[in-house]
Amino acid sequence: METALAKTPQKRQVMFLAILLLLWEAGSEAVRYSIPEETESGYSVANLAKDLGLGVGELATRGARMHYKGNKELLQLDIKTGNLLLYEKLDREVMCGATEPCILHFQLLLENPVQFFQTDLQLTDINDHAPEFPEKEMLLKIPESTQPGTVFPLKIAQDFDIGSNTVQNYTISPNSHFHVATHNRGDGRKYPELVLDKALDREERPELSLTLTALDGGAPPRSGTTTIRIVVLDNNDNAPEFLQSFYEVQVPENSPLNSLVVVVSARDLDAGAYGSVAYALFQGDEVTQPFVIDEKTAEIRLKRALDFEATPYYNVEIVATDGGGLSGKCTVAIEVVDVNDNAPELTMSTLSSPTPENAPETVVAVFSVSDPDSGDNGRMICSIQNDLPFLLKPTLKNFYTLVTQRTLDRESQAEYNITITVTDMGTPRLKTEHNITVLVSDVNDNAPAFTQTSYTLFVRENNSPALHIGSVSATDRDSGTNAQVTYSLLPPQNPHLRLASLVSINADNGHLFALRSLDYEALQAFEFRVGATDRGSPALSSEALVRVLVLDANDNSPFVLYPLQNGSAPCTELVPRAAEPGYLVTKVVAVDGDSGQNAWLSYQLLKATEPGLFSMWAHNGEVRTARLLSERDAAKHRLVVLVKDNGEPPRSATATLHVLLVDGFSQPYLPLPEAAPAQAQADSLTVYLVVALASVSSLFLFSVLLFVAVRLCRRSRAAPVGRCSVPEGPFPGHLVDVSGTGTLSQSYHYEVCLTGDSGAGEFKFLKPIIPNLLPQGAGEEIGKTAAFRNSFGLN
């Protein structure tokens, strides 16, 4: 074991110190008090706080308490007054035995911060025990030929008191033959001897009975008695004599039972029965003596296990008696040799668990160690595991503190299992292990952490109020209230974003709710920040970005920009009967307020006066002729166009077109709405068209006047077709005829009717001057077009 320990020098070992090691604030001298033994419990020994210079309030705030080996509660500290009280009645003989002085060592422990004070309590002896002889009767056999002055040893009386309270004198009942002499032994005890004063005469008195009294020195004195019975024998000339009057021997405490301790020897010069010697223990106390002697061989053997820690030394008196009753005495001093038969003991005084994680050099535990063995067998070392953030520090004698070596981290390790190993230096080495569990208490050193730095949430527009749109989540590595997270909305960076009216957050679980119905067309996306705050002190927080994207719903129907469907006079498109198939009649223009596929528009010719005459392109809204026109086709046609989006479910709108088939363009006027009072500001579309068409207004007016003049001159050659229901003559002053401008191809003429009170413009395709499509019979069409242009005198 020694080799194994020597191979681990890296272990933090704290060597046991024989002298007092002082804590940083502890004094070097102990405070000593003295009280008589058997003092009643509750007795106030002293005001300890005053004697140590401590405030009374300091005792309570610093967790003061008394400590005695084995954590026995013998003294009690009143932390309110500072008085040191006797917890129970103390018996000096039980606490210390024959040891003098009897001093009990206490420690005053202050836990916050850790500080020790040594306190000694001396128990003074009182005369509470009377002397007591080991036997009620002692037998002496004395030959009648014994000369006066002969001394006969007597057994001593036991008195558990010490000092003057123990046996001080022996007396004997009055008689004419003997007196008692009192002598001091080497250990301080007094022993009696019976001295013959007058020769005995067996024929006169064969037996005597005397009373031996032992007196102690107490006040008042106590006494004990025994009877000495003396038998007078015939002549026996010689008493037994030991070869040595004093024997010294050492016996290991772990010696087996019945092992031989020593052999004594005595001789008697007489012959026969008077020379036969028998041996016995003089005191003969079977209770206290762990030895036995063979009466014939004088072998002293061990009859009960020895314990160095209980009794390290014995004085055994041996008496040798011959057949005639004469005796001799010797003393055997037996020293019990200590062996390492006791493992160290560890007594935990205080354990602070849990321990804050942010407090280095915090005292976690205070404990004491002891080993009743002596020498190296009682020297100890303490150690803990090498991989722990803790240190052992010696304080007072046999006391250690376990402190944190550095700042702990509860999130990394919430508890530590520490094994304190106490090993003595004996052979073989014995050790004791004590396991403690240290819990690490949480400190708010971790801010909440979101599972994502940013969140993207999707909400379909037209949602119901209080709709749960998503959640954010944050975790805190701390524990308890330090890990309880509260969520909140942070003020938006955009001052125009009314966040409080858009969303709310559940403070406990991070659920986000839309407070009102969202409109994609008004707000496509917005972002804000959420905060997560724990409930520690001080509180820590973090934040995350939340983006909310509003998904479009098909909540807007297509809106037809052209032709306008505002209840005013319908627009009429003029189509020459000579138009080829695929001739562009007009183009329906529509928009949809939605986005994506909800705004993908398709066009469909829903109704027609003559099905098959016109066709409509589904994707661009162009209305074209589907075949050649004939004289049999009606002049007026009404087309209903369906404009449908691609949403789910789809939404639609309809537009009505009027088409007029013409052979020429004599008076191609259409009924116009009544003029209205001028309006201060036109519609944005009207303004755009007016600005675009005003640049060519003069050319258009000139063309119209020229057209009217030609028609009047050649009425006979061209019949009037498609007459508009407006008075002939110049246009009213609030109407402007525009040609070759607009959002469609420049090859078209437009008639724009602007009303001063409507705030909107109406425009209509009349007919193309030069067709923008050349069908298969391109040459023939060009020829007809040239003739047509000649009819207007445009070449």
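Using N, Cα and C of the backbone, Cβ positions are placed for all residues, glycine too.
Per Swiss-Prot, signal peptide is recorded for 1-30, and the stated evidence type is sequence analysis.
The topological domain 'Extracellular' annotation in Swiss-Prot covers 31-689 and is backed by sequence analysis.
The domain 'Cadherin 2' annotation in Swiss-Prot covers 138-242.
Around the Cβ of N169 (N-linked glycosylation site), the same chain contributes T182, K190, A214, L215, each under 8 angstroms and 6 or more positions distant in sequence. The N-linked glycosylation site feature in Swiss-Prot is assigned to N169 (among others).
Residues or ranges marked as domain 'Cadherin 3' in Swiss-Prot (evidence: sequence analysis): 247-346. Counting residues of the domain 'Cadherin 3' (247-346) by DSSP class, helix then strand then coil, yields 4 helix, 47 strand, 49 coil.
Summarising the annotation, Swiss-Prot assigns N6-acetyllysine to K296. Packing around K296 (N6-acetyllysine) is summarised by its Cβ count: 10 other Cβ atoms lie within 10 angstroms of its Cβ, all protein chains included.
In this structure, N417 (N-linked glycosylation site) is part of a beta strand by DSSP. N417 (N-linked glycosylation site) has a Cβ environment of 10 other Cβ atoms inside 10 Å. Among the features that Swiss-Prot reports, N-linked glycosylation site is placed at N417 (among others), with the record citing sequence analysis.
Residue density at N435 (N-linked glycosylation site): 8 other Cβ atoms are found within 10 A of its Cβ, drawing on all protein chains shown. In the three-state DSSP scheme, N435 (N-linked glycosylation site) falls into the strand class. The N-linked glycosylation site feature in Swiss-Prot is assigned to N435 (among others); the stated evidence is sequence analysis.
Per Swiss-Prot, the feature domain 'Cadherin 5' maps to 455-560.
Cβ neighbours within 10 Å of N566 (N-linked glycosylation site), excluding its own Cβ and spanning all shown chains: 9. Feature annotation from Swiss-Prot assigns N-linked glycosylation site to N566 (among others); the stated evidence is sequence analysis.
Per Swiss-Prot, the feature transmembrane segment maps to 690-710; the stated evidence is sequence analysis.
Averaged across the topological domain 'Cytoplasmic' (711-795), pLDDT for the predicted model comes to 42. Marked as topological domain 'Cytoplasmic' by Swiss-Prot on the basis of sequence analysis: 711-795.
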Integer Cα-Cα distance in angstrom, K296 (N6-acetyllysine) to N435 (N-linked glycosylation site): 56
Rounded distance in angstrom between the Cα atoms of N566 (N-linked glycosylation site) and N417 (N-linked glycosylation site): 87
Distance [Cα-Cα, Å, rounded] between N417 (N-linked glycosylation site) and N435 (N-linked glycosylation site): 7
Helix-strand-coil residue split for the domain 'Cadherin 5' (455-560), DSSP-based: 7 helix, 48 strand, 51 coil
In three-state DSSP terms, the structure that N566 (N-linked glycosylation site) belongs to: coil
